[in-house]
Amino acid sequence: MLLTPGEEPTALPDPVVPARASSRATPKATASALRRVLRRARDGVALNIDEAAVAMTARGDDLADLCASAARVRDAGLQSAGRRGPGGGLPITYSRKVFIPVTHLCRDNCHYCTFVTVPGKLRARGAGLYLEPDEILDIARRGGELGCKEALFTLGDRPEDRWPEAREWLEARGYDSTLSYVRAMAIRVLEETGLLPHLNPGVMSWSEMARLKPVAPSMGMMLETTSRRLFETKGLAHYGSPDKDPAVRLRTLTDAGRLSIPFTTGLLVGIGETPAERADTLHAIRKSHKEFGHVQEVIVQNFRAKEHTAMAAVPDAGIEDYLATVAVARLVLGPGMRIQAPPNLVSRDECRALIAAGVDDWGGVSPLTPDHVNPERPWPALDELAAVTAESGYELVQRLTAQPKYVQAGAAWIDPRVSGHVRALADPVTGLARDVNPVGLPWQEPDDVGSSGRVDLNAAIDTQGRNSETCSDIDSAFGDWESIRAHVHELAAQGARAPERLDSDVLAALRSAERDPAGCTDSEYLSLATADGPALEAVAALADSLRRDTVGDDVTFVVNRNINFTNICYTGCRFCAFAQRKGDADAYSLSTEEVADRAWEAHVAGATEVCMQGGIDPELPVTGYADLVRAVKARVPSMHVHAFSPMEIANGVTKSGLSIREWLISLREAGLDTIPGTAAEILDDEVRWVLTKGKLPTSLWIEIVTTAHEVGLRSSSTMMYGHVDNPRHWVGHLNVLRDIQDRTGGFTEFVPLPFVHQSSPLYLAGAARPGPTHRDNRAVHALARIMLHGRISQIQTSWVKLGVQRTQVMLNGGANDLGGTLMEETISRMAGSEHGSAKTVAELTAIAEGIGRPARQRTTDYTPLAA
């Protein structure tokens with residue numbers, strides 16, 4: 001067994017990628033099938049999985065034909081990208097690196113690996129369990145003196161989960177995990193040597209990668225194979241290695257894309273996989289990269305058997321098999337992908353053959369450190385590698401650890417905290433490496449965000465409107481729209497498979513809800529959610545009756561002010577028209593002084609609450625959120641600060657290094673009173689990952705909100721609907737909220753948020769509905785009242801999104817609260833809402849009186865106002 005008794009693998013709670021087929025049959029590679037595939041390759045047609053598997057069987061003249069097609073694709077890609085070496089030739093790139101083996105311990109047991117060992121063997125040879133900081137820095141410094149610019153951090157997966165000695169080593173030095181140690185050492189390498197960390201710690205969760213992104217321009221993890229057969233079958237390469245589950249590795253690859261991390265991945269050739277499984281692996285990488293654009297290079301690595309391993313007797317990958325796989329990788333992944341092959345695992349002549357097969361990158365090559373994964377295979381000397389490359393008609397050109405297009409894209413891909421280190425080493429024109437040695441630079445949080453951009457947007461949005469229809473990079477910021485639309489079609493097909501609801505179903509569900517509103521089955525709730533006509537009237541009447549019994553006839557509201565302190569954001573929420581990139585015509589950031597000024601203005605106008613939310617600006621300093629709270633409390637001590645969505649909290653936690661609980665307590669101590677339960681959208685990841693590229697997963701939203709409640713920070717709860725969702729998702733979302741409320745009791749209200757579509761990128765791309773119908777609005781508000789009965793008493797309706805008349809309809813169908821006066825509102829208005837951004841107390845009172853109900857001002861948490 002890999003784990004010590006009583007231990008379990010570290011949980012990775014983020015969304016799980018559906019498992020692929022356990023194995024894939026290799027199509028019969030007849031001569032005619034191969035001829036057809038080779039013809040398609042010559043024509044530049046992308047090969048599907050079966051065609052790719054057939055192509056991998058090419059040998060002799062057929063292999064030469066295949067490689068020639070791949071080389072043409074590679075050259076066309078380099079030419080179209082304008083990539084040239086200093087001498088004007090097409091480049092083949094490499095990264096001059098040092099290899100830093102942080103630890104040789106691992107919780108896995110891959111049958112071909114000599115990198116990993118056990119604590120006893122390390123002790124026997126006098127080696128530490130981990131490299132000490134001084135050892136890491138010594139390697140980096142010596143590499144810098146030789147012109148190295150990359151520090152490759154390689155290590156085993158989560159050794160502390162298997163080895164108590166590893167956990168003791170970390171705890172003795174103040175680290176709670178290996179990844180925390182890696183992060184700290186990456187910062188020291190940046191500050192003390194200037195080398196750029198490339199982090200290769202294996203499988204990571206969304207949260208872990210978000211934590212590491214600020215300390216490394218790039219990361220990597222070999223996918224290796226999508227073959228479940230190799231993972232599940234005793235005696236095969238990945239059996240007994242929990243981190244080699246293909247679904248888990250695909251999840252890491254996907255989450256890296258969601259976080260916009262330049263990411264290196266690849267496959268191993270010759271570990272027992274079939275050509276069809278190899279082709280499936282390439283297509284899995286292709287699919288992920290197509291959706292997110294984050295795979296910066298794909299390593300095609302040939303298996304080399306090593307002594308003293310379980311696979312010592314397995315033959316090395318054959319060179320023709322290897323070349324065919326490289327060529328197919330180029331043809332499948334296309335002209336824009338960097339295809340990499342390690343030059344130390346082949347001979348000089350084979351290096352030339354790899355170039356002929358479509359390779360355009362040699363990966364990291366070190367003049368100082370060995371390849372600790374393949375220690376028996378020394379790196380070629382750089383002048384020798386340059387000569388081999390030149391013999392094939394190409395120039396050897398040094399790059400940085402992040403490929404040039406990601407370096408040149410800036411903040412969309414490179415975190416501001418390492419961007420200065422990258423700029424110091426990058427050619428500003430090409431994004432390749434400059435001919436300089438690295439020098440240590442401070443790794444620090446950005447300075448306090450000052451006032452910039454269109455700071456009057458809160459007022460001008462109602463008079464002048466937007467200066468631009470969308471953010472500047474709508475074509476690239478949200479991933480591949482074709483892939484997104486495919487996901488939407490899958491969701492629509494699932495909705496279409498829902499059983500037809502008959503009037504008798506709704507009637508039976510109504511009778512059940514009348515007896516026990518909170519005790520119906522999901523099927524009954526779904527019947528209520530899909531009701532229409534007279535049946536919908538009956539559902540709304542039941543909801544209105546429950547509202548009256550629960551909270552009475554008063555229509556409540558809070559006098560508050562929205563303060564959206566910045567709209568600069570790179571998260572990539574596809575539904576959001578508020579987010580802008582720095583420098584966009586409508587982008588802005590408020591200083592803490594301006595936020596405090598607006599809080600004072602709100603106080604003078606009678607407000608008891610400010611609601612502060614903003615975009616996820618990577619330049620917001622680590623103290624930024626607390627600074628905003630303190631500024632408001634210093635100016636208006638009595639003001640209730642309702643601020644920061646779970647996404648903002650996740651961002652703050654990532655920046656700070658604190659746990660969620662510690663960060664929330666620190667904000668509470670700074671003066672934070674409650675948090676908005678926004679950033680929920682739909683709490684179902686199959687919908688969530690269509691709506692957003694990089695927002696926190698459902699599991700983390702739940703953890704943050706639950707923890708907030710536990711430390712005394714109550715929250716609202718929300719659901720945004722009417723985009724790519726269906727009633728089944730509404731029921732599921734409300735069930736999640738019910739479960740949290742049962743455990744914490746921390747929700748103050750529920751707020752249904754109709755999707756405002758007009759300027760939403762998701763809608764403009766043809767992937768979303770034009771918002772909910774009036775039937776949907778009525779059904780959601782009524783369903784919420786019924787399902788949340790006895791748990792959440794306050795159901796709010798949004799006059800900003802619905803307008804006065806439809807707001808009144810919702811108040812007669814289960815809702816009892818109008819939200820707030822707002823004073824300013826830019827998120828819905830930038831999306832295209834036409835119902836204004838502020839209401840006076842008199843106007844909100846008129847909404848209630850228009851349906852014969854009294855209006856009453858409340859506090860944020862619905863306690864009575866002080867006299």
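Glycine is no exception: its Cβ is also placed from the backbone N, Cα and C atoms.
Per Swiss-Prot, the feature region 'Disordered' maps to 1-28. For 92-344, the entry in Swiss-Prot reads domain 'Radical SAM core 1', with the evidence type sequence analysis. Annotation source Swiss-Prot lists region 'CofG-like' at 93-425. Annotation comment: Swiss-Prot describes CYS106, CYS110, CYS113 as [4Fe-4S] cluster 1 binding site. Residues or ranges marked as region 'CofH-like' in Swiss-Prot: 532-865. According to Swiss-Prot, the feature domain 'Radical SAM core 2' maps to 555-796, an assignment based on sequence analysis. Taken from Swiss-Prot, the feature [4Fe-4S] cluster 2 binding site covers CYS569, CYS573, CYS576, and the record attributes it to similarity to another entry.
This view paints the features noted in Swiss-Prot onto the structure.
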{"residue": "CYS106", "record": "[4Fe-4S] cluster 1 binding site", "DSSP (3 states)": "coil"}
{"residue": "CYS113", "record": "[4Fe-4S] cluster 1 binding site", "DSSP (3 states)": "coil"}
{"residue": "CYS569", "record": "[4Fe-4S] cluster 2 binding site", "DSSP (3 states)": "coil"}
{"residue": "CYS576", "record": "[4Fe-4S] cluster 2 binding site", "DSSP (3 states)": "coil"}
Additional residues surrounding [4Fe-4S] cluster 1, by Cβ distance to the CYS106, CYS110, CYS113 centre under 8 Å:
ASP108, ASN109, TYR112, PHE115, VAL116, GLY156, SER241
In Å, rounded, how far does the Cα of CYS106 ([4Fe-4S] cluster 1 binding site) sit from the Cα of CYS573 ([4Fe-4S] cluster 2 binding site)?
36
When you average the Cβ positions of CYS569, CYS573, CYS576 for the [4Fe-4S] cluster 2 site, which other residues in that chain have a Cβ within 8 Å of that mean position?
THR571, GLY572, PHE575, PHE578, ALA579, GLY615, ILE616, THR692, LYS695
Any same-chain residues 6+ apart from CYS569 ([4Fe-4S] cluster 2 binding site) with CB under 8 Å of its CB? Would you list them in sequence order, or say none?
CYS576, PHE578, ALA579, GLN580, GLY614, GLY615, ILE616, ASP617
Cα-Cα distance linking CYS573 ([4Fe-4S] cluster 2 binding site) and CYS110 ([4Fe-4S] cluster 1 binding site), given in Å to the nearest integer:
38
Would you mind listing, in sequence order, the residues at least six apart from CYS113 ([4Fe-4S] cluster 1 binding site) in the same chain with a Cβ closer than 8 Å to its Cβ?
CYS106, LYS306, THR309, VAL373
Summarise the model confidence on the region 'CofH-like' (532-865) as a single mean pLDDT, whole number.
94
Within 10 Å of the Cβ of CYS106 ([4Fe-4S] cluster 1 binding site), how many other Cβ atoms can be counted across all chains shown?
26
Under 8 Å Cβ to Cβ from CYS573 ([4Fe-4S] cluster 2 binding site), same chain, six or more residues apart: give me those in sequence order, or none if nothing qualifies.
ALA579, LEU691, THR692, LYS693, GLY694, LYS695
